[in-house]
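Novice: According to Swiss-Prot, the protein has these features:
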- E256: active site, proton donor (ACT_SITE)
- E364: active site, nucleophile (ACT_SITE)
- W142, N255, Y331, W394: substrate binding site (BINDING)
- 20-53: domain 'CBM1' (DOMAIN)
- N97: N-linked glycosylation site (CARBOHYD)
- 56-82: region 'Thr-rich linker' (REGION)
- 83-433: region 'Catalytic' (REGION)
- 1-19: signal peptide (SIGNAL)
Amino acid sequence: MKRQALTLIPLLGAAAAQSGPYGQCGGNDWSGATTCVSGYVCVYQNEWYSQCVPGTATSSSTTLTTTTSATTRTTTTTTSTTSVPSSTNFPSASGLNFTIDGVTDYFAGSNSYWISMLTNDADVDLVLDHIASSGHKILRIWGFNDVNTEPSTGQVWFQKHQGGVSTINTGQYGLQRLDAVVSSAEKRGIKLIINFVNNWDDYGGMSAYLNAYGGSTKTDWYTSATIQAAYRTYIKAVIDRFIDSPAIFAWELANEPRCNGCDTSILYDWIADTSAYIKSLDPLHMVCIGDEGFGLDEGSDGSYPFSYNEGLDFAANLAIDTIDFGTFHLYPGSWGVSYDWGNLWAITHGAACATAGKPCLFEEYGAPSDHCAIEVPWQTTAVSSTGIAGDLFWQWGDTLSTGQTHNDGNTIYYGSDEYTCMVTEHMERIAAR
């Protein structure tokens, strides 16, 4: 939801003679190409993953740019220097369920795109106190905030794309805001889904990359080597900060990735390649896509969301080894279907996940009004559906030091009557199963 750049070439496929830029070129059980196209060299990442990166056989370094405030610093770092996380007590997929802190169950939660943009730590703590008191265990947040020009002092931004250069802001109004959220979540036992880019233009999105590095379409974004290099530089910067954190539920590729009119191979290759890259940096935390669940034959009624028009194949993407669980969203009002239809959407995705042997997370759902009457039946269906292991409504609302958080029509405010039906009573239904 919330709608209002490295560049990557798609993988050439396991049967190709050479792997493309940033493609996999080796690893345990790898049966594909073991050499790279011209200008790229196969570099060992770990025992199960080697990758084609720019350079020759004698060079395997990339240039990263970071900033702590107004000062830009350029450093050269060997590819994939991220250390393996030291803890194994991280959230995980257990059959068709999730395990959190040793408990395997169905888990509820919510979304808060805005919490990582807050500049008052007390507000962050307040919100997470309320979430912890609700019984929720999972919170999905924005891990991106892309800009093309540096905002005025005091404005939060995470990555600037300008003049063909990616600058990562690690300062007070940069990734230190994510630090505050992760630290607060750790203290309260909340687990975070952190995503890396937005399909939509809010907070920059993929358009910020295209503006800086060239291209005009989503296909360009997914297949540009320059854009994907910047994207991966950012991924690594975030993972490096939180690789040992027990508060990370999963790393998420994007918010609602789409490629309208594209062959499904475009997104499939990007998902496979990017998720493998993330696993090479952090093999212990889970990885998910963040998609809406489009492109599914099983149980389809022929409506638009089941089609492959947005370039997604839910079952094929879910089957990728380096994707730990499925995600799907639900917005009937935006998709031209009825609210009751939402129950079919949930059931069919649960069934697809059960077939794949992986859990599904009902990651976003919302309606602009009548939340209890419309959304509680979706929650009830999700809890009773095999293959669905948790749900996160869109979105959490609260009252901060500056007033109420943004109400996009879908917002459920802490302590409201709708909070009672959507959160308190939902947690009771989960406990009573």
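Backbone N, Cα and C atoms are what each Cβ position is placed from, and that goes for glycine too.
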Novice: Going by a 10 angstroms cut-off between Cβ atoms, which of the binding-site residues W142, Y331, W394 has the sparsest surroundings?
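Specialist: Fewest other Cβ atoms within 10 Å, among the binding-site residues W142, Y331, W394, is found for Y331.
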Novice: Round to a whole number and give the Cα-to-Cα distance in Å for the pair E256 (active site, proton donor) and W394 (substrate binding site).
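Specialist: Answer for this pair: 13 Å between alpha carbons.
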Novice: Between E256, E364, which of the active-site residues has its C-beta surrounded by the fewest other C-beta atoms within 10 Å?
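Specialist: Result for the active-site residues E256, E364: minimum number of other Cβ atoms within 10 Å at E256.
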Novice: Roughly how many Å separate the Cα of N255 (substrate binding site) from that of the residue listed as 'active site, nucleophile', to the nearest whole number?
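Specialist: With distance taken Cα to Cα, the residue listed as 'active site, nucleophile' is 10 Å from N255 (substrate binding site).
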Novice: Just to verify: the residue among N97, N255 with the fewest other Cβ atoms within 10 Å, which of the recorded positions is it?
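Specialist: Ranked by other Cβ atoms within 10 Å, the recorded positions N97, N255 bottom out at N97.
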Novice: What Cα-Cα separation, expressed in whole Å, is found between N97 (N-linked glycosylation site) and the residue listed as 'active site, nucleophile'?
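Specialist: The residue listed as 'active site, nucleophile' has its Cα 18 Å from the Cα of N97 (N-linked glycosylation site).
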Novice: Which value does the mean pLDDT take for the region 'Catalytic' (83-433) in this predicted structure?
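Specialist: Here the predicted model's pLDDT, averaged over the region 'Catalytic' (83-433), is 97.
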Novice: How many angstrom lie between the most widely spaced Cα atoms of the substrate binders W142, N255, Y331, W394?
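Specialist: If we measure all Cα pairs in W142, N255, Y331, W394, the largest is 19 Å.
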